[in-house]
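Under the heading signal peptide, TrEMBL lists 1-27. Summarising the annotation, TrEMBL assigns transmembrane segment to 293-315, 359-386, 392-414, 434-454, 466-488, 516-542, 548-571, 583-608, 620-653.
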Amino acid sequence: MAFSEIKMPGVCSVFLLVVLFAHYSQGFYLPGSYMHTYSTSDTIFAKVNSLTSIETELPFSYYSLPYCKPLDGIKKSAENLGELLMGDQIDNSPYRFRMNVNESLYLCTTSPLNEHEVKLLKQRTRDLYQVNMILDNLPVMRIAKQNGVNIQWTGFPVGYTPPNSNDDYIINHLKFKVLVHEYEGTGVQIIGTGEEGMGVISEADQKKASGFEIVGFEVVPCSVKYDPEVMTKLHMYDSISPVNCPLELDKSQVIRERERISFTYEVEFVKSDIKWPSRWDAYLKMEGARVHWFSILNSLMVITFLAGIVFVIFLRTVRRDLTRYEELDKEAQAQMNEELSGWKLVVGDVFREPDCPKLLCVMIGDGVQITGMAAVTIVFAAFGFMSPASRGMLLTGMIILYLFLGTAAGYAAVRLWRTLKGTSEGWRSVSWSVACFFPGIVFVILTVLNFILWGSKSTGAIPISLYFILLSLWFCISVPLTLLGGFLGTRAEPIEYPVRTNQIPREIPARKYPSWLLVLGAGTLPFGTLFIELFFILSSIWLGRFYYVFGFLLIVLLLLVIVCAEVSVVLTYMHLCVEDWRWWWKAFFASGSVALYVFLYSINYLVFDLQSLSGPVSAILYLGYSMIMAVAIMLSTGTIGLITSFYFVHYLFSSVKID
């Protein structure tokens, strides 16, 4: 393992292994890997996640509001690294379900509401906060009608404010519908393999497997005014009469000082034909499939157009010039050398060391790391290994992949450093910079955002303990692996240039317009490939929707790589043709400038699509996370563009025989 290769201190490695496995093994299951069956009257308790709102994007603990607490106290569920970073806080709840038992139950009655509780309830209601409940790992779903169309939402509101009213009403009665599928284990002959060989599983074992599976969890929220004098005589889980949701406001529970709120709920179990492996289909219904296909066809048109330009460059221009040049004898070549024009004139400068070579190497190293992490994550997600049923697994997987791809980052950066400098001297500094550059940017932004979240008392704030875990993962895994990759880079052969570099730099002819204008404009083509899928991704992050069309995202990623490569090659060739040999950074930003448009689009999305987002705190959080995303995209796409352009230039000048 990598731990032994880099000779990590024993205490540090043991600590990290414990942390990793503790966080990783306590995650939720993948669909299809574990199925829980229940017998009639089996007790199941629902869990509650953080309260969330698309208005503020600040999650808060469920028990920050005066809700009923479980009899045995509040207990936090085990959470993985991704859940903690996303602000999830899953607790137990008093909501008890008994399989196939329809019942109406009383929970509790609060003490008279004080001023602080009233203010908090009103604020959470007006900020459209949702209660997120989980039963057998299924989020509760609410179906609402808008313009005659059924719209599905996960969670239910804390309360509601009627139009033209200053009063707020709390949701205190929940009508649950649990969809169950009967699983008949006894009607199937199951062949098992064990230590004693193949055999038929016994009938007793088959009966254990039979039972009922939970395949759906729906809720209808109501606000009901109860007489507190009557309700306080009841105990938790006492039966009550079924309640119809009142339409009149005077029969609903208003949020007001000195009011005592009684919480009740009803449970109805309904048999369903939905099978357990398909129970997430209702949450993952793909909307806008035509839009995704339109995006892909649009990208293919851009790729075809750019491929045509590259084809012309290679076959008509480059090949024609090289063939004509190679057919001449030495005297004619010498005469032609004096008449050279375009890219052939910069043959003695094209591989001259760029400005800020160390920074370029560092950015390429981080770009390789981010691109590898994104590619592997999306491939795994496209094949169904990272389901939304496994909360936080996507983010946890990305972090672990990023840590272990530090070897590739160090190797790529140091090998490019050796190619530019011709020596390995300074490789440790380059490796350290690679390990600290992008994570350092992320760490600074997250720290600033975290202070804001701490000030708001949000569950989205990263705990101090998690900070130490992240720092330990960074310095005990990522940094040593990056240094290992850098060491391997010093052992690899540097890429030999096909031509020699002149001692005196060639003067670059004056341009009518700045070359950077063309470079920035080139980013619009990769952005055209990305922006439609970007809308769906932003909607899933900020509007609480599930994003699970990773197959489309994988196709878009492949198209983006091709477009970035083609754009960078075309721009590099255009600069060489006007005798501009400073192509390194321009090749990087020709494709990397797409990040600028991604960030501008994020601002556009904030202004026009997230109009409900309220307050400067929410806007700062949004812009901070958008900045991290834009920097990651810049490093990734810029790396793709530079590496492609380097091999294009290397191939182009490897056939030139100018001394």
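Placed from the backbone N, Cα and C atoms, the Cβ positions cover glycine too.
Because the structure is a prediction, the values reported are computed rather than measured.
By number of Cβ pairs under 8 Å, the transmembrane segment (359-386) is matched best by 392-414 from the list 392-414, 434-454, 548-571. Contact counts against the transmembrane segment (620-653), taken as Cβ pairs under 8 Å, peak for 583-608 among the stretches 392-414, 466-488, 583-608.
With Cβ pairs under 8 Å as the measure, the transmembrane segment (516-542) is packed most heavily against 583-608, out of 434-454, 466-488, 583-608. Beyond its flanks by at least six residues, the transmembrane segment (548-571) meets 284, 286, 292, 295-296, 299-300, 302-303, 306-307, 309-310, 313, 374-375, 378-379, 381-382, 386-388, 518-519, 522, 525-526, 529-530, 533, 536-537, 586-588, 590-591, 594, 637, 640-642, 644-645, 648 of its own chain at Cβ-Cβ distances under 8 Å.
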